[in-house]
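K.L.:
Just dropping this structure here.
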């Protein structure tokens, strides 16, 4: 689930991948962290949706009672259910579980890379950056408290003060590039209904099953809201025997897949614009590693150069950054995007897929790029290891290894994206009208097909077209 707590999913193993061993002679010289904020409360909009669900359930139960429908199959908790967030004025803030996630992450990173965090804290040595959104900056503070625990003189925990810097939301192309990218805003607005259409068959099928199972006149919106409640209860309240229990295991798998489709189309590999707008962040990461190499080779004095760059943002930051690194792709898929060709949608369960929102960007999800200096008798002296949620992860651009020679990383992963400049990607006028000549059919349901409508300027769109229309009106697409 896209709303999973970090501690629940961070250690889910990839049994098909064997991590590389870092040679004993190698030592870390720099660390880049890009993290999503920790677990948060529902946003104000979603809290209103849950309050509406409470009213809706009351109406459904009353109607069923008046019509003398058998109510024996109904879970008792449905009667008189109220949203746990009813009456709250604001939402989206970091909650206590989220604070603990970030605090403990800071502790673990210092323990895992103790060589990098031996020096006295200075803002230029350990810069901590966050977006202006409170849950991101609060996550940065909680992380810093764990990272520098015992390093100061404040209070019983010997805390110390540290700086967290933020760029204005209006100009933060490093961590909130999606807010500043006009083409992405236009694309997202045009494609949100398309993403909803992709999810519709799943919601329709499961709604029919719920109506038959509980004899209540649920709608697709009811199903969607109950699924959201399930995710909130499981992630924030550790409750899995209420809303989640309404769905069968196969229905949960289908709903997770539908969420993954939406994330794929609107935030991930479904459109190159989704991740190309993140080139300033990738460029900043690579430059920071180059500067660390220069400082080491020129023997700069300790405390005069950056050892770790620590960034805290959102799913809209972490997902594109993962795509820029080529994570969660098979080698043939990686080669497709290198040739500027689109990918198919993630396969429907029970087929196995790498693209899972619960793994790609849970609350507190993160990517770490650790730069190592190794003995000169190796073919390369500097290597980059990529860790996702603190575990080594394969990079298709580096022969499916989690460790890559720095020059290969720059050439095979960085250069392909950095040739695209942010202003050209985001602020040149791009038309999102349907291309009329090229399409690719991807079947994912029994009665409809997802059609890839290729666009100019390396932008592509998904549309949902009935199969009979494809047979009779193909000249239109």
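Keep in mind that glycine also has a Cβ here, set from the backbone N, Cα and C atoms.
Sharing the record's features from TrEMBL:
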- 26-374: disulfide bond (DISULFID)
- 230-244: disulfide bond (DISULFID)
- 398-404: disulfide bond (DISULFID)
K.L.:
Whole-number answer please: how many Å between the C-alpha atoms of residue 230 (disulfide bond) and residue 404 (disulfide bond)?
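P.N.:
Roughly 40 Å, rounded to the nearest whole number.
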K.L.:
How many other Cβ atoms sit within 10 Å of the Cβ of residue 398 (disulfide bond)?
P.N.:
20
K.L.:
Taking 10 A as the limit, how many CB atoms besides its own sit near the CB of residue 230 (disulfide bond)?
P.N.:
22
K.L.:
Of the disulfide-bonded residues 244, 398, 404, which sits closest to residue 374 (disulfide bond) by Cα distance?
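P.N.:
Checked the disulfide-bonded residues 244, 398, 404; minimum Cα distance to residue 374 (disulfide bond) goes to 404.
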K.L.:
Just going by other Cβ atoms within 10 Å, which of the disulfide-bonded residues 374, 404 has the emptiest spot?
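P.N.:
Minimum Cβ neighbour count within 10 Å, taken over the disulfide-bonded residues 374, 404, occurs at 374.
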K.L.:
Of the disulfide-bonded residues 244, 398, 404, which one sits closest to residue 26 (disulfide bond) when you measure Cα to Cα?
P.N.:
404
K.L.:
Return only the integer: C-alpha distance in Å from residue 404 (disulfide bond) to residue 244 (disulfide bond).
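P.N.:
It is 41 Å, counting Cα to Cα.
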K.L.:
I want to check the contact list for residue 244 (disulfide bond): same chain, sequence separation of six or more, C-beta distance under 8 angstroms. What comes out?
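P.N.:
Long-range Cβ contacts: 230, 233, 234, 252.
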K.L.:
Across all the protein chains here, work out how many other Cβ atoms are within 10 Å of the Cβ of residue 26 (disulfide bond).
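P.N.:
Its Cβ has 18 other Cβ atoms within 10 Å.
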